[in-house]
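Novice: Before I ask anything, let me first share the structure, which is written out below as structure tokens.
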Amino acid sequence: MQKYTSEARQLLALAIPVILAQVAQTAMGFVDTVMAGGYSATDMAAVAIGTSIWLPAILFGHGLLLALTPVIAQLNGSGRRERIAHQVRQGFWLAGFVSVLVMIVLWNAGYIIRSMHNIDPALADKAVGYLRALLWGAPGYLFFQVARNQCEGLAKTKPGMVMGFLGLLVNIPVNYIFIYGHFGMPELGGIGCGVATAAVYWVMFIAMLSYIKHARSMRDIRNEKGFGKPDSVVMKRLIQLGLPIALALFFEVTLFAVVALLVSPLGIVDVAGHQIALNFSSLMFVLPMSLAAAVTIRVGYRLGQGSTLDAQTAARTGLGVGICMAVVTAIFTVTLRKHIALLYNDNPEVVALAAQLMLLAAVYQISDSIQIIGSGILRGYKDTRSIFFITFTAYWVLGLPSGYILALTDLVVDRMGPAGFWMGFIIGLTSAAVLMMLRMRYLQRQPSAIILQRAAR
């Protein structure tokens, strides 16, 4: 029991700064929305449309680079720290290549925006302008993620938290300058949010790079030999590990976007109730997601040390802590669901629907916690392909079709409306949780030599 208590302490010490960093990131999005809304409703809508295209594109790159964390954690655990600098250099090369692809996609996103049904031309122009300003921040964001993943792989999650809050502090005044046109800058409205956010990502990257250059704990892994050329072998391995994570993230983000589109014809009340419940549940999701990042670090580190039993302890502890957190957040959601809904909207019909959907959200919080922490465990074992197949099967083969049938058809029961899609979420996330646990058990039952050989690749 003592080893589990000790492991839980170490996990929480890693997870809490990640949670706070995520809070800062969420707050940046909130600040952008509020400040753009203060300028005009059209500008706020433009930021919302632009963000809905930016997120899938940038999260694809973000997911690809997540491969660095278990690689660095494993090298750190095995005492091969001299190899970390080379892995990080290749991470920067990969981030550079992906940045170019993301920027090309975002530059041409106007075709997607202008093809939207009945979109106002002025709104479309502002959304395109916002994206074309924001895309210059893509390299800064992805370079920052490489530096952050280096720190997190070395079990240092506090720098990411500090840089997150630094970004938030810089974002507010820079938004003010570019949205409203102060200090000789042009008045750009919502487009100014894109300029400000792009600048903030570069500030966060430069600050993180400065920390890495001067931190005593990283003195032995600093790159003293210049940047070097791309290493095709290392980059191929990073892509093999990272691409399934990137695709899994992409499928998850697009699933919720597709559901939002399917809900939109059902009416204003249904859309508002669905959006409130989804927004609140995404805030609760920050807890298990951050814990999953910590579990990846601990499992990778323990495997690097050559101890499959300690890796199992880290995995089980992460699941135990995650389930406890999910039970607490589920009770909180059920108890206060009406009060929470009232914070968003005071329309009685919207509040009633949001409260009903939050009951379903409380049910899936436990499954969601298990599946995302399970994903973190599998990342630690460098078994990322299974994450992609499980995510795709659970969300797109089981969750979305069953949600569609329950919500919009009479095949099984009378049309349930938005609640049907939420039943689909429960089916999809529970399926993902079960499949993640089965895969984890399969991996852990393999001989130690095979587990360690895979982890060392």
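Cβ atoms here come from the backbone N, Cα and C positions, even for glycine.
Pulled these from Swiss-Prot:
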TOPO_DOM  1-10  topological domain 'Cytoplasmic'
TOPO_DOM  32-52  topological domain 'Extracellular'
TOPO_DOM  74-92  topological domain 'Cytoplasmic'
TOPO_DOM  114-126  topological domain 'Extracellular'
TOPO_DOM  148-159  topological domain 'Cytoplasmic'
TOPO_DOM  181-187  topological domain 'Extracellular'
TOPO_DOM  209-242  topological domain 'Cytoplasmic'
TOPO_DOM  264-275  topological domain 'Extracellular'
TOPO_DOM  297-313  topological domain 'Cytoplasmic'
TOPO_DOM  335-349  topological domain 'Extracellular'
TOPO_DOM  371-386  topological domain 'Cytoplasmic'
TOPO_DOM  408-417  topological domain 'Extracellular'
TOPO_DOM  439-457  topological domain 'Cytoplasmic'
TRANSMEM  11-31  transmembrane segment
TRANSMEM  53-73  transmembrane segment
TRANSMEM  93-113  transmembrane segment
TRANSMEM  127-147  transmembrane segment
TRANSMEM  160-180  transmembrane segment
TRANSMEM  188-208  transmembrane segment
TRANSMEM  243-263  transmembrane segment
TRANSMEM  276-296  transmembrane segment
TRANSMEM  314-334  transmembrane segment
TRANSMEM  350-370  transmembrane segment
TRANSMEM  387-407  transmembrane segment
TRANSMEM  418-438  transmembrane segment
Novice: Under a criterion of three or more Cβ pairs within a distance under 8 Å and sequence separation of at least 6, are the transmembrane segment (188-208) and the transmembrane segment (243-263) in contact?
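Specialist: No; fewer than 3 Cβ pairs under 8 Å.
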Novice: Mind checking how the topological domain 'Extracellular' (32-52) divides into helix, strand and coil residues in DSSP?
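Specialist: Output for the topological domain 'Extracellular' (32-52) reads 20 helix, 0 strand, 1 coil.
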Novice: DSSP says what for the topological domain 'Cytoplasmic' (209-242): how many helix, strand, coil residues?
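Specialist: Split by secondary structure, the topological domain 'Cytoplasmic' (209-242) comes out as 23 helix, 0 strand, 11 coil.
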Novice: Give the residue counts of the topological domain 'Cytoplasmic' (74-92) per reduced DSSP state, in the order helix, strand, coil.
Specialist: 16 helix, 0 strand, 3 coil
Novice: Among 11-31, 127-147, 418-438, which stretch has the highest count of C-beta pairs below 8 Å with the transmembrane segment (53-73)?
Specialist: 127-147
Novice: For the transmembrane segment (243-263), which stretch among 127-147, 276-296, 350-370, 387-407, 418-438 has the most Cβ pairs under 8 A?
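Specialist: It is 387-407 that shares the most Cβ pairs under 8 Å with the transmembrane segment (243-263).
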Novice: What residues in the same chain, six or more past the boundaries of the transmembrane segment (11-31), come closer than 8 Å to it by Cβ-Cβ distance?
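Specialist: Same-chain contacts beyond the flanks: 51, 152, 155, 157-158, 160-161, 163-165, 167-168, 171-172, 175, 197, 200, 283, 286-287, 289-291, 293-295, 297-298, 314, 317-318, 321.
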Novice: Look at every Cβ pair spanning the transmembrane segment (387-407) and the transmembrane segment (418-438), keep those 6 or more apart in sequence, and say whether at least 3 of them are under 8 Å.
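Specialist: In contact, yes.
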Novice: Per DSSP, how many helix, strand and coil residues does the topological domain 'Cytoplasmic' (297-313) have?
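Specialist: Across the topological domain 'Cytoplasmic' (297-313), the residues distribute as 14 helix, 0 strand, 3 coil.
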Novice: Sort out the residues at least 6 away from either end of the topological domain 'Cytoplasmic' (439-457), same chain, that have Cβ-Cβ distances under 8 Å to it, and list them.
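Specialist: Non-local partners: 74, 78, 237, 300, 303-304, 306, 308, 311-312, 315, 374, 377-378, 381-383, 386, 390.
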Novice: Can you work out which residues elsewhere in the same chain, 6+ from the ends of the topological domain 'Extracellular' (335-349), have a Cβ less than 8 Å from its Cβ atoms?
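Specialist: For the topological domain 'Extracellular' (335-349), the far contacts come to 269, 272-273, 276-277, 279-280, 355, 358-359, 362.
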